[in-house]
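Peer 1: Feature table excerpt (Swiss-Prot):
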type     : residues   : note
TRANSMEM : 32-52      : transmembrane segment
BINDING  : C35        : heme c binding site
BINDING  : H86, H187  : heme b 2 binding site
TRANSMEM : 90-110     : transmembrane segment
BINDING  : H100, H202 : heme b 1 binding site
TRANSMEM : 116-136    : transmembrane segment
TRANSMEM : 186-206    : transmembrane segment
Amino acid sequence: MNKVYDWFEERLEVQAIADDISSKYVPPHVNIFYCFGGLVLTCFLIQVATGFAMTFYYRPSVVDAFASVEYIMTSVNFGWLIRSIHRWSASMMVLMMVLHVFRVYLTGGFKKPRELTWVTGVTLSVVTVSFGVTGYSLPWDQVGFWACKIVTGVPAAVPIVGEPLVLILRGGESVGQSTLTRFYSAHTFVLPLAAAVLMLTHFLMIRKQGISGPL
């Protein structure tokens, strides 16, 4: 075992990396309320794992979507548990995100020199809510269909660009297969990729600047 470790140490300087991570200064005022951001990341990883598992059975079709979700819940081994964990962790992710934003705001963590960290965090909040909006409609039941119709119709109230935005979101004049395909693509590829990039940027900034001091 030591030989394996020494082999990696010689090439990657693993110990130096470990020392850098473990020796980072943590201010004495940090408490449990500073863990909300890490819990958001934990929920995101759970979402990725459970969501990936369901992609093997889910069919993004207006004809088959509901039946495929029903199949996951009733016929796939532990499918009901995987989908339930996905739903619960989604709700928990939104809750932890809201608490994290409030904690950062109330403790002044958005002030100079951490303005860009705050901007990436707020952008991540928008991405998190977008996860909920797109995922809610994927079962394509009555609730999902009408939620999709209402959400995609909201931009119509915006002058000039409203109607084109509605067409882009729906993929046509009305809600249908193109809309479901867009929501599925956004939920399983576009938003996870955006979240991963933003989280990495967010954490690197925190790593560089450290945790903000007390008020």
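Cβ coordinates come from backbone N, Cα and C, glycine included.
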Peer 1: Could you measure between H187 (heme b 2 binding site) and H202 (heme b 1 binding site) for me? Cα positions, answer in whole angstrom.
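Peer 2: Distance between the two Cα atoms comes out at 21 Å.
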Peer 1: Cβ under 8 Å to the transmembrane segment (90-110), counting only same-chain residues 6 or more beyond its ends: which ones?
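Peer 2: Sequence-distant neighbours of the transmembrane segment (90-110): 33-34, 36-37, 39-40, 43-44, 47, 117-118, 121-122, 124-125, 128-129, 131-132, 135, 211-212, 214-215.
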